Amino acid sequence: MIWRNHSLLMEFVFLAYPSQPELRALSFLGVSLVYTLIISGNVLIIMAIQTEARLHTPMYYFLGSLSGVEVCYTAVVVPHILANTLQSEKTITLLGCAIQMIFLIGLGSADCFLLAVMAYDRYVAICHPLQYPLTMTLTLCGRLVMASVVIGLFLSIQLVAFIFSLPFCRTRTIEHFFCDAPPVMRLVCANSHIHELSVLVAATLAIAIPFFFIATSYVFIVAAVLKIHSAAGRHRAFSTCSSHLSVVLLQYGCCAFMYLRPSSSYYPKQDQFISLVYTLGTPVLNPLIYTLRNSDMKGTLGRLLTRNCLSQNN
């Protein structure tokens, strides 16, 4: 099946969903709960950063942007998972599959680029503190966020256009919960080595290069922090980076496992679990990591929730 020779309304069938009614209901409730936590946690972070003048700094601007991307990223997949969990026919059209994959990979890539931008922000703040206000201007911050999203979507469109231009086998079943590159590539009937290399190149641009940039930034950060004589100063410097580093390891670990490997190591059940980790686990943990380890965020969120409760009571 080649794209130009087949209807865009041709359907794929997802096989990863439970068939038993009890498991379907339990899965729906569990995913709904996690999705509620993702939306509420990230929206609270955005509201806190917007309402608290003290948080109008580049670090929190990037954090708010990351939360916004996380909300959009999960909206591409999770409502689709919830709908399919309850439906008897778990299908998606060829066009719908392509669109879902574009935004899934594009926003996921934007997430990776934003984490690299946040590492650069910490590098400038710690290694060049006197130049920080002049370097990290609001204009530059906005351009970096916009570039992260645009480049992520551009790479995604190129990759998805390539995948859906390939000949697919007759089988129309996807052993997954949604349209992601590895399970869809399993349906391709062509020379797999060339196509795997193309996917690997795209994944390297979106994952490996930003991670290398982050690692390099932290090498300079650690070297600068170790030169600080006071233990309190070193602790304060490291504390501003620990939350970001925790999110980086979680995000990049899952993405590298899924995309930076040959398809011969593809195991449907294992990959389905990993995909749930980076589509549900990472977005719900990010707000917790950034708030529980940040006294400014905890204080602001406490005041925000208190004001909302008081306004409702009045």
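Glycine too: its Cβ is placed from the backbone N, Cα and C atoms.
Curation plays no part in TrEMBL annotations; they are all automatic predictions.
What TrEMBL records for 25-48 (among others) is transmembrane segment.
Annotation source TrEMBL lists domain 'G-protein coupled receptors family 1 profile' at 41-290.
Within the chain carrying the transmembrane segment (60-81), a Cβ under 8 angstroms from the stretch's Cβ atoms is held by residues 31, 35, 38-39, 42-43, 45-46, 49-50, 92, 100, 103-104, 107-108, 110-111, 114-115, 117-118, 121, 138, 141, 144-145, 149, 177-178, 279-280, 283, 286-287, 290, all 6 or more beyond its ends. Taken from TrEMBL, the feature transmembrane segment applies to 60-81 (among others).
Residues or ranges marked as transmembrane segment in TrEMBL: 93-120 (among others).
If you look up TrEMBL, you'll see 140-164 (among others) marked as transmembrane segment.
The transmembrane segment annotation in TrEMBL covers 200-226 (among others).
Per TrEMBL, the feature transmembrane segment maps to 238-260 (among others).
Remote same-chain partners of the transmembrane segment (272-292), defined as residues 6 or more beyond its termini with a Cβ less than 8 Å from a stretch Cβ, comprise 16, 31, 34-35, 37-38, 41-42, 44-45, 63, 66-67, 70, 73-74, 77-78, 108, 175-178, 180, 243, 246-247, 250-251, 254-255, 257-258, 298, 301. Per TrEMBL, the feature transmembrane segment maps to 272-292 (among others).
The average pLDDT computed over the domain 'G-protein coupled receptors family 1 profile' (41-290) stands at 84.
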